[in-house]
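Engineer: There's a structure below that I have some questions on.
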Amino acid sequence: MTSIAGPHKRLEGKVAIITGGASGIGACTAELFHENGAKVVIADIQDDLGQALATKLGGKACYIHCDVSKEDDVINLVDTTVAKYGRLDIMFNNAGIIEGQGLPVSVVESEKSDLDRLLSVNLGGAFLGAKHATRVMVQQRKGCILFTSSLCTSIAGLSGHAYAASKSGVCGLAKNLTPELGKYGIRVNCISPYGLVTGISNISEANRELVEAMLSELGTLSGQTLRADGIAKAALFLASDEAYYVSGINMVVDGGYSVVNPRLADAIYSKL
């Protein structure tokens, strides 16, 4: 039986790009990947945060400015990474934006400009990241491409329409890439989180604990609150060799929320 590497060796020798890596899920993942031995390239448009994180992590990390909606930026990101480290093993397409505070909005009140903006970043950025990572990984005959999607791809009514459309597209893209890239030993997977508070949520620090408590109360897994580290740990597993035969999945990290419809049970209990 093949031995499993120790907890700090799971990505030893690997090179990872994390888009949206300067804050939130991306920053947490960058730290965890670094702790587990990877050379980490933090890609973002938040230059001060990204550079500060790279400096904190030290010599095996660097920051590259990248607007994922611009193909030239993504080409530069991948080419600079390969020039610096000689390879690319993990492409985590995590960068994303939301409408307002991410709450559902009537389609009548939705703006086409919001749809264009979210599709350009959330779906277009994922497409470009996968495209240019594949250029390198095909030559290596191995690699891992990850995407951050959303629980709104599994349950309707949790977000604005533009966001749901963009993230559903990400899941479709990942699924469609799986058979093509599998021929080259490249694994492709999505991660779809339940609600959590990150920088893109536009929620003030004063309201952060209140919103986290509400999400925890509404969740199915009692006593637990999903935070960025929960998604980072899912990404670590999928990026590691432990997941060598895992490809084409949408890993839903929601504490079981999406498999439960409490309305019938609530109606029954209310009558008892």
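From the backbone N, Cα and C atoms, a Cβ is placed for every residue, glycine too.
Bear in mind that the values here come from a model prediction, so they are computed numbers and not experimental data.
So Swiss-Prot lists the following for this protein:
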type: BINDING; residues: 17-41; note: NAD(+) binding site
type: BINDING; residues: S150; note: substrate binding site
type: ACT_SITE; residues: Y163; note: active site, proton acceptor
Engineer: Distance check, please: Cα of Y163 (active site, proton acceptor) against Cα of F33 (NAD(+) binding site), rounded to an integer number of angstrom.
Structural biologist: 27
Engineer: If you measure T29 (NAD(+) binding site) to S150 (substrate binding site) at Cα, how many Å is it?
Structural biologist: 17
Engineer: Over all shown protein chains, what is the count of other CB atoms within 10 A of the CB belonging to V41 (NAD(+) binding site)?
Structural biologist: 27
Engineer: Which one is it: of the binding-site residues I17, G21, I25, G37, V41, whose Cα lies the shortest distance from the Cα of S150 (substrate binding site)?
Structural biologist: I25
Engineer: With an 8 Å cut-off on Cβ-Cβ distance and a minimum sequence separation of at least 6, pull the same-chain contacts of G21 (NAD(+) binding site), or say none.
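Structural biologist: G21 (NAD(+) binding site) has long-range Cβ partners A27, T29, A30, V40, V41, I42, A43, D44, G50, L53, F92, N94.
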Engineer: Tell me which residues of the chain lie with their Cβ under 8 angstroms from that of F33 (NAD(+) binding site), as long as they are six or more apart in sequence?
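Structural biologist: Non-local contacts for F33 (NAD(+) binding site): L11, A16, I18, V40, I90, A235, L236, A239.
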Engineer: Return the residue, from the listed binding-site residues T29, S150, with the maximum count of other C-beta atoms within 10 angstroms of its C-beta.
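Structural biologist: Most Cβ neighbours within 10 Å: T29.
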